[in-house]
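Worksheet: one structure, shown below.
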Amino acid sequence: MIKRKNRRLHGFRGVSPVLVIKKAGKEFLDDDMTTYASALSYQVLFSIFPFIIFLIALLGFLHLSSFFDWLRGNAQLFLPQEAMGPVNQVIEELQQQKSGVLSLGVVVALWSASAAVRATINALNVAYDVRETRPAWKLYPLSLIYTVGFAALLIAAAALMTIGPQAMQWIAVQFRIEQLFVTLWAVLRWPIALLLLTLSVAVIYHVAPNVRQRFHFITPGAVLAILFWIATSLGFNFYVSNFANYSATYGSIGTIIVLLLFFFISASALLFGAEVNAVIEQHAPQAETPDGQSLSEATEPEHKKP
């Protein structure tokens, strides 16, 4: 049992942060969250390739001829002339309209990504020690809606982090944007991206588990999940760059292995943050299951951990 301390820390609702993290770590292992993280990694990897097909087909419908010229010009700066033949062929393919590929890509991408969302829902229900009582006819459409919303937030965050000042300068020229906006972009894109990432995690923690709880934009679990994800991602990137040559060892499949490991780290961070929030929520009287029962009462007779 976690004891409350007199000294309160915002977000922990009077519960000792050290004991919360210890309890969450124990729950993470007892709930076998590494298995759920592995399942999430597979589902995310499986949904990436249909999504790429969808993006390729979508680019062809946007008629961004100046963008493709910019892409071709930048490719010539880094690639030898012999390699430009295949690159130009790919760029020409991107410029073609393919409605069939677009439709198939978006359907397959949505369905496979929604499977990852349902796997996340199952994992967070385990973290909160509650059973899934929402019927399938309601859960499947909800997972599709959540998929679109999460994808929009994550793509926006990724775009903010990856579109650098050079790309923003090109956009400013094309759309006649003031130079001040380009300067502000270089300064604010990282904080805004982190806010969007935090919002994405907060929404997942709020809507995924079968629990009624107040929405909190910033929670200890979300903050710890993002910090853990950043730290482990940087460490993994350093390890892969300096010590592990997956391409030399495994050949072309090395990229898949690196992606799976990265997704596993990301999923583990997300699920650990959920365990932190679950420990806090289970000691908060306002947290309820959908049938109106207190979360702490609902989880008391459920599976007790050894």
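Including glycine, each Cβ sits where the backbone N, Cα and C put it.
Quick caveat, the model's predicted, so the values are computed rather than measured.
Here TrEMBL flags 286-306 as region 'Disordered'.
Under the heading transmembrane segment, TrEMBL lists 44-64 (among others).
Taken from TrEMBL, the feature transmembrane segment applies to 101-121 (among others).
What TrEMBL records for 142-163 (among others) is transmembrane segment.
Per TrEMBL, transmembrane segment is recorded for 183-205 (among others).
Marked as transmembrane segment by TrEMBL: 217-240 (among others). Counting only same-chain residues 6+ beyond the ends of the transmembrane segment (217-240), those with a CB under 8 A from a CB of the stretch are 11-12, 17, 20-21, 24, 194, 197-199, 201-202, 205, 246, 258, 261-262, 265-266, 268-270, 272-278, 280.
The transmembrane segment annotation in TrEMBL covers 252-272 (among others).
Long-range contacts of the transmembrane segment (252-272) within the same chain, counting only residues at least 6 positions beyond its ends with a Cβ under 8 Å from a Cβ of the stretch, are 24-25, 28, 33-34, 36-38, 40-42, 44-45, 48, 120, 123-124, 127, 201, 204, 221, 224-226, 228-229, 232-233, 236, 240, 246.
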